[in-house]
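Data block below; observations after.
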């Protein structure tokens, strides 16, 4: 699989009887690079989505009060938007784990359109879920930080600082997963464009 090239003699260099060896061009180099980057981004999205679900799912803070019978507690299961967030981010993380074999197939066979087309369709569906859950949780986190005077919602983050910090971190992590999903869809579309 090597190619020899005979170069005529130059005035400065004596190449009499020597041949240059050139490696053949690899087919699908760009598509393979996109597939490898796809796999790496999927690993990052797995960490971001499962980290967001775990962080939100373990957010709980109880304020000590005068008696043990009268306590204030803030937990993720007190808010339906946070419950939706935990469930959907866990589903997104599970999908990303299950999509890894298809990403590996795209690395091994960079010109195969079937796995990449399946990934772009499912990535779009789960991007929608991740965006919806991140937006709903972000609205509740915003109300927890700032409150709303017109509806008599008080800001609770002055009292429940750890709870608010943990839920805010979960929302940021989910938004990182959303950005990674957008990159995955754009890269898949780029790889499919050349088919």
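The backbone N, Cα and C atoms fix where each Cβ goes, and this holds for glycine too.
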According to TrEMBL, which listed range is transmembrane segment: 18-38, 39-59?
39-59
How about long-range neighbours of the transmembrane segment (117-144): same chain, 6 or more residues beyond its ends, C-beta under 8 Å?
38, 49, 56, 79, 81-82, 84-85, 88-89, 91-92, 95-96, 99, 102-103, 106, 153, 155-157, 160, 163-164, 167-168, 170-171, 174-175, 177-178, 181-182, 184-185, 188-189, 192
